[in-house]
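Accompanying notes for the structure given below.
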Amino acid sequence: MSAKPEVGLVREASRQIVAGGSAGLVEICLMHPLDVVKTRFQIQRCATDPNSYKSLVDSFRMIFQTERLFGFYKGILPPILAETPKRAVKFFTFEQYKKLLGYVSLSPALTFTIAGLGSGLTEAIVVNPFEVVKVGLQANRNTFAKQPSTVGYARQIIKKEGWGLQGLNKGLTATLGRHGVFNMVYFGFYYNVKNMIPVNKDPTLEFLRKFGIGLLSGTIASVINIPFDVAKSRIQGPQPVPGEIKYRTCFKTMATVYQEEGILALYKGLLPKIMRLGPGGAVMLLVYEYTYSWLQENW
């Protein structure tokens, strides 16, 4: 009798891993070029720098001219490798936190929001080492052929700085803030608004309903969490003076950026981030939901 719930849980987790991995892979392949542009904007510090990008269009033009097409896919391997466990953690833990919060007298709106926060914090712990490698590779402006491999770069970090908070887990507090805040808003907004708007019987209109809510969820979450994202990129990216660590902790980095560069510097890369995580967030939710629904019917 006790074996049935265990089998059910294993099957449910397996479905979420497959559906979440599919959602992550599709989103990464479609949206990664915008992530490269976003990271480049966030790590540049001075408009007078001859290597700085003047606009979104200018960044695309310069990257293509100097690094060619593959320049837009720098650092793509770490997020691809991380997507299956990351999305599995994201969606599976969200459901588990939601079930756990069901034992507490909370409103559905608060339940979705807190469950999203919990899933984001858990996700951040899993994904942070991959983010450290990804940001380092994206910050490299050499041609694709001249940059180190993903594994080679990870080995360099481990050899020089180790596995800890100065090495492969550098910027963990900022990553916790970035993912915790994003998932809190992303899941909280999506499921609350989706439950408020009636389901449409027409499949096309229903698809558009979900896509529109997902688009808004990703956009709003991106606007709210981007200061954490900027702090993460500064901590994990190249430091202004080689060998001297300027950016260490999340909130101290935010304060330094604000004092030296102004409030708008905390929103660097917002446009490419919204362009990526607005539609990307919608794509991810829809791919996950439709894949998971198909797996429920066929497996």
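Using the three backbone atoms N, Cα and C, a Cβ is placed for every residue, glycine included.
Residues annotated as repeat 'Solcar 1' in Swiss-Prot: 11-100. Over the repeat 'Solcar 1' (11-100), the average per-residue pLDDT in this prediction is 81.
The feature transmembrane segment is assigned by Swiss-Prot to 17-37 (among others).
Residues annotated as transmembrane segment in Swiss-Prot: 70-89 (among others). Counting only same-chain residues 6+ beyond the ends of the transmembrane segment (70-89), those with a CB under 8 A from a CB of the stretch are 13, 16-17, 20-21, 23-25, 27-28, 32-33, 35-37, 39, 63-64, 119, 122-123, 126-127, 130-131, 133-138, 140, 143-144, 147, 150, 284, 288.
Here Swiss-Prot flags 107-196 as repeat 'Solcar 2'.
What Swiss-Prot records for 113-133 (among others) is transmembrane segment.
Distant neighbours of the transmembrane segment (167-187): 90, 94, 112-117, 119-121, 123-125, 127-129, 131-133, 154, 157-158, 160-161, 217-218, 220-222, 224-225, 228-229, 231-232, 235-236, 249-250, 253, 281; these residues of the same chain sit at least 6 beyond its ends, with a Cβ under 8 Å from one of its Cβ atoms. Residues annotated as transmembrane segment in Swiss-Prot, with sequence analysis given as evidence: 167-187 (among others).
Marked as transmembrane segment by Swiss-Prot: 205-225 (among others).
Look at Swiss-Prot and you will find 205-294 tagged as repeat 'Solcar 3'.
The transmembrane segment annotation in Swiss-Prot covers 277-297 (among others). Listed as Cβ neighbours of the transmembrane segment (277-297) (distance under 8 Å, sequence separation of 6 or more from its ends, same chain) are residues 15-16, 18-20, 22-24, 26-27, 30-31, 87, 91, 186, 190, 207, 210-219, 221-222.
Across the repeat 'Solcar 3' (205-294), DSSP helix (H, G, I), strand (E, B) and coil residues number 74 helix, 2 strand, 14 coil. Broken down by DSSP into helix, strand and coil, the repeat 'Solcar 2' (107-196) contains 69 helix, 0 strand, 21 coil.
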